[in-house]
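Participant: Shown below is the structure under consideration.
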Amino acid sequence: MVCGGFACSKNALCALNVVYMLVGLLLIGVAAWGKGLGLVSSIRIIGGVIAVGVFLLLIAVAGLVGAVNHHQVLLFFYMIILGLVFIFQFGISCSCLAINRSKQTAVINASWWVMSNKTRDELERSLDCCGLFNLTTLYQQDYAFCTAICKSRRPTCQMCGEKFLKHSDEALKILGGVGLFFSFTEILGVWLAMRFRNQKDPRANPSAFL
């Protein structure tokens, strides 16, 4: 049987939304796990990851309910929201893949000085480094107040900016690749929802137009 009928479209859409639900639950669980173990203490980072997980979970539940009940209104809004998410995620993923090393340095430098002193101190201790880049007089001040273990072991500590840049290229490629992959699954979800909305339920009244 060719996978183009009502039942096949319904099952495919349900399966896709179940995957989205699992990803949303995974994001929420990872954020809670990281907070519980003390790996991440910033409430903004934790809140952001949890918000993304909850948003994805809600979208998946709406799509799943719409697919199970063949609900036209839910499927319509599911298509619209998923399409907007695709546009946003596709742009972010392409930006992650296109950013070069100089832009990475600028972004890291801007983010570092926006952080609170407590967050910078926690990063220095966890990464065992001091300061960001030895480019400004602020580096000397940052290095003087650094509490990383490396200061007691070696005459000088490695700069945190060097450690950030060491793995930033790989991290951005992974983020961009995963983002692109999920963005195309969102296009698949929009197409499945649009196709499913225009199909008639064979178990319903044949004279009824859905």
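The backbone N, Cα and C atoms fix where each Cβ goes, and this holds for glycine too.
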Participant: Just confirming the record: what cysteine out of Cys94, Cys96, Cys129 does TrEMBL connect to Cys160 via a disulfide?
Facilitator: Cys129
Participant: Cα distance, Cys160 (disulfide bond) to Cys130 (disulfide bond), nearest Å?
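Facilitator: A Cα-Cα distance of 6 Å.
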Participant: Check each residue in the chain of Cys160 (disulfide bond) that is at least six apart in sequence and keep those whose C-beta is under 8 Å from its C-beta; list them in sequence order.
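Facilitator: Long-range Cβ contacts: Trp112, Leu123, Glu124, Leu127, Cys129, Cys130, Gly131, Leu132.
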Participant: What parts of the chain pack near the transmembrane segment (174-194), using Cβ distances under 8 Å and only residues at least 6 beyond its ends?
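Facilitator: Beyond its ends, the transmembrane segment (174-194) has Cβ neighbours at 9, 12-13, 16-17, 19-20, 23, 63, 66-67, 75, 78-79, 82-83, 85-86, 89-90, 92-97.
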Participant: Near the transmembrane segment (75-100), which residues from the same chain, at least 6 beyond its ends, have a CB less than 8 A from one of its CBs?
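Facilitator: Here the qualifying positions are 59, 62-63, 66-67, 107, 172-173, 175-177, 179-180, 182-183, 186-187, 189-190, 193-194, 196-197.
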Participant: Around the C-beta of Cys129 (disulfide bond), how many further C-beta atoms are within 10 angstroms, looking at every protein chain?
Facilitator: 20
Participant: Taking every protein chain shown into account, which of the disulfide-bonded residues Cys130, Cys150 has the largest tally of Cβ atoms within 10 Å of its Cβ?
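Facilitator: Most Cβ neighbours within 10 Å: Cys130.
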